[in-house]
Each structure stands twice: as structure tokens, then as C-alpha cells.
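Remarks on the structure that follows.
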Amino acid sequence: MIYQSLFSHQASLPSEQLPFTVILLNDWGLIRVTGKDRVKYLQGQITLDVPLLKENQHILGAHCDPKGKILSTVRLFHYLKGLAFITRKSLLHDELMELRKYAVFSKVEIDIAESTVLLGIAGDQARKVLKNCFEKLPTETEPVVHEDDYSLLHFSSPRERFLLVSQAFKEGDFLIQKLQDQAVFRSSEQWLALDIESGFPIIDAKNKTQFIPQAANLKALGGISFTKGCYTGQEVVARTEYRGVNKKALYWLTGKACRVPDVGEALEIQMEEDYRRTGVVLAAVKLQDGSLWVQAILNHDFQKDSILRVKGDENGRLMISHRSFKKFEPSSNPIA
């Protein structure tokens, strides 16, 4: 990409403070699934009811291991002449190997789309500015628009934003060149902050095979079908649901810490004069005002005003954000 040097690393901003911004999603990647059996094959692999996915939809689900634990989250949509999903770059090669395990028995090809460009567009007046760049924009009711060389995805949470998926650098470079004098250019950490704010679970390599989908907010987001047929891990996911034995949940924590914690670090909760372990960090970003956002999966047997910290950080103080994640409305998503 010609303009890659424009995307500087800066402390992130909350969605309500974000100016018009273009974000290079270098920490995400794309896997393409093509071939005659692509729908049938993915139907047996992920938590989504794949045959119900329309051309103008995208949906977040999970690919699980046989124990029902998440190998990766997948943002699934139709792309070019097949299906594709966005996942974290740290998981791309592991995910490719897992998906290919049984592909020899099906007419399907699965590959990492190495040359694909992922650009996030967010912030103030995003739709107004993009109207001058694209003939048609996606909406909340039609969240994917396809053209010959690209697909454009719409997100309504935490505020309206877009994701450009281009099969070649030229579309991304064209957009950047056109917006160079209007936009702020940021690294992928800003998109990560927006995903934390939205309650979209961030599963990286350090946390794969640790959590069931319900613990990662995917049921609330409509990312698990309980009516489709079998898929890898389905028995465990269904049994957990119907027995009500899931004891963990996804939380958005805000506060301060001596440093930005690493993915997979432990969190502790204050219990009178002491602390005990309660969960693990999925993602964390430092904001421009010096505060810290942490996405974590925690045991949910505690008061919502509890004080937490990164393990061993004596001066740290984190609390559950007062802003709730957007919850799934069954009528709005027919494919889960």
C-alpha cells in the first residue's frame, strides 16, 4: 500500500470524540472459503447458520474446537465468488490449518487472502464524506454492499462506522488519496478500541481454546445458532446453554493501571483487604486522556461496582463500564 506510512500509532479515542478517521486494520486478516461445498462445509464448522446468510449481511460468530472452546471469532460475509471471514491476524495460520483438517473430503478451497486490504472508516461525518467516494453505502438494514473489486461493511455500534474489504491495494490507495486532506489516519488499535466499546469479543492466539462462545458475549450478539445441525463443539455449547452452567461473561473495564496489560494476563478483584483472581484480559488500549480500557472475561459472581486490577498492580484500579454492550434483538438477525 502506497500510503501505509500515513497510519501512525496514536492513543485511542472514544467513539463520541473521534473525528473523521481512516484506520489500517493490520491486526486483522481475511480467510476466503470458495468451491461448490463452501456453505455446507462451513455449516459444519462454525456457530452460525451459514445457509441463511444473505448477500447483504455480515455476522460475528465463532469457530470452536471439539470441547466447545473458541478457536477464533469469525466475521462472516459473502465475498467475490465465495465466503470470507475476518479474524485476528495472530490466529490466521492456526485457523487455516484447523479449517483445512477435513476439507479433503469436500469440494472447497480455504486460503488466507494475503493481498486483501482492510480499512476502517469511522468518526464524525463518516457517512457524509463517504458518499463522495462510493456509489452506494451500506446501512443498518443492508449492512454489506458489494462491487467488483471490494465489499463495504456497515457497523452501527458503538457509532456508525464502515469496513472496506478490497482484494487489491488500488481501491485502498484510491480511497486514502481522496481522503488525505480530510481524515485523520490511525493504526488498528483505534478499531480495537471501537470493538471493545461495542462488546465484540477479541480472541487472539494467547486466549484461543479457553472460553465457550456464551462467555464471550456471542449469544447476546446473535452469534450462536441453537437450531442448526451439528458443528464442531456443538454438543458442548448446547449442553452448556440448556443446563445454564456458564459462569463467565464478557466485560468492559475502565480505569487506570501502571501499564497496558498484555493479552492473557490475569485480573484480580478486591475482596475486603485482599485480592483474588477472577478473569483474564482479552484486549486493552490506552486512551488519549491516559485512562485504560480493558476487555476481559470474568467470573460473574461479583457486585457490579467491584474494584479490579491487573494481577500484582498495587496502584491499578479498574471498574466495569457503566455503558452496557448493545444486546441482540432476535428479530434483527435471522441467521443465528
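We number each residue from 1, going along the chain as drawn.
Glycine is treated like the rest: Cβ placed from N, Cα and C.
What Swiss-Prot records for W28, W191 is folate binding site, and it gives sequence analysis as the kind of evidence.
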Fewest Cβ neighbours within 10 Å, where candidates are the binding-site residues W28, W191: W28
Three-state secondary structure, which DSSP defines for W28 (folate binding site): strand
